[in-house]
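> Mind looking over this structure? Questions follow.
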Amino acid sequence: MNNQILKLIAEIDEFKGFWKGINISNQEMLSRFRIIATIESIGSSTRIEGAMLTDREVEAILEGLNTNSFQNRDEQEVAGYADAIRQIYSSYSEINLTENNIKYLHKLLMNYSTKDHWHMGAYKKNPNHVAVFKNGKQTQIIFETASPFETPYKMNELINDCQKKFNEAHPLIVISEFVLRFLAIHPFQDGNGRLSRILTNLLLIKYGYDYVQYSSHERIIEANKKQYYISLRKSQQALKESQPEFIWTVFFLEVLKKQKDSLLEKNSTRKTCGYITLIILKNYRTC
């Protein structure tokens, strides 16, 4: 690890310790804080993959959710992401990092998308390389993912490696590596990007970064989408060549730094969140 990585980890962990030490008694306000972050997470994560709904439209869908009246695939994806992230928030202590649990979360994610029912919760049956398409036709392969034949083995290897590394290395480094390798495998026919961000939330909360429920890392990724893909591709290529490459690790940690900064800097005049924001700013700046 280089000095930049160590500095980022130290700053994120400082905030993690601070968050655990403050006492926010207004649970109604805290709940509203999480609702806002959840809407931002759903909106951003689906837009990263090509959906067009605004956060306001996402909120309207969730408030009037009727699973029998979706207008399009974007709305189906919003409902699926909402189910998966709510499951994470309510039951994270019971959801360990296993293949079965990953498949279960994928099933939740794709549950409302009728065209995806044939593959939800199951590893891919067809190649799904990351490619450029023009007029519906593939024109260029950007990154070759694992083959359907390799996928079960590679997923088993990934889970076993990370479970071991969580006992040996800093959890943020392990989570970063897990996301990188998961997306290099691309184990499911579709939904891998969204699922990687669901799993990021799960692992961060399980390893003590519970404040992530109140500030969206997906929103940070959306705002830095170009660098997100550049850092992924460079690091995934280095992974294939067994060469160390820290560009993804740095990007991932910078996202988490901006995530906690966002929680600190929330507009204190927002009617729903001002009380909590003032408590956070007052305590953090004097500790």
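Just so it is clear, glycine is given a Cβ too, placed from its N, Cα and C backbone atoms.
Pasting the relevant annotations from TrEMBL:
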ACT_SITE  HIS186  active site
BINDING   ASP190, GLY191, ASN192, GLY193, ARG194, LEU195, SER196, ARG197, TYR228, TYR229  ATP binding site
DOMAIN    97-254  domain 'Fido'
SITE      GLU49  site 'Important for autoinhibition of adenylyltransferase activity'
> Using the alpha carbons only, what distance in Å do you get between ASN192 (ATP binding site) and HIS186 (active site) once rounded?
6
> Per 10 Å Cβ neighbour count, which of the recorded positions HIS186, ARG194 ranks highest?
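Max Cβ neighbours within 10 Å, all protein chains included: ARG194.
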> Quick one: pull the CA-CA distance for TYR228 (ATP binding site) versus GLU49 (site 'Important for autoinhibition of adenylyltransferase activity'), whole Å only.
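A Cα-Cα distance of 12 Å.
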> Between GLU49 (site 'Important for autoinhibition of adenylyltransferase activity') and the residue listed as 'active site', what is the CA-CA distance rounded to a whole number of Å?
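About 14 Å separates the two Cα atoms.
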> If I restrict to non-local contacts, at least six residues apart, and a C-beta distance under 8 angstroms, what lies near SER196 (ATP binding site) in its own chain?
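Result: VAL179, PHE182, LEU183.
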> Within 10 Å of the Cβ of ASN192 (ATP binding site), how many other Cβ atoms can you find? Include all protein chains, please.
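A count of 21.
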> Restricting to the same chain and to sequence separations of six or more, state which residues have a Cβ under 8 Å from that of ASP190 (ATP binding site).
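Those within reach of ASP190 (ATP binding site), by Cβ under 8 Å and sequence separation of 6 or more, are MET110, ASP116, HIS119, ASN128.
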> At the level of the C-alpha atoms, what whole-angstrom distance separates HIS186 (active site) and ARG194 (ATP binding site)?
11
> Would you measure the largest Cα separation among ASP190, GLY191, ASN192, GLY193, ARG194, LEU195, SER196, ARG197, TYR228, TYR229 for the ATP site and round it to whole Å?
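So the binding residues stretch over 19 Å, Cα to Cα.
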> To what whole number does the mean pLDDT across the domain 'Fido' (97-254) round?
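When the pLDDT values over the domain 'Fido' (97-254) are averaged, the result is 93.
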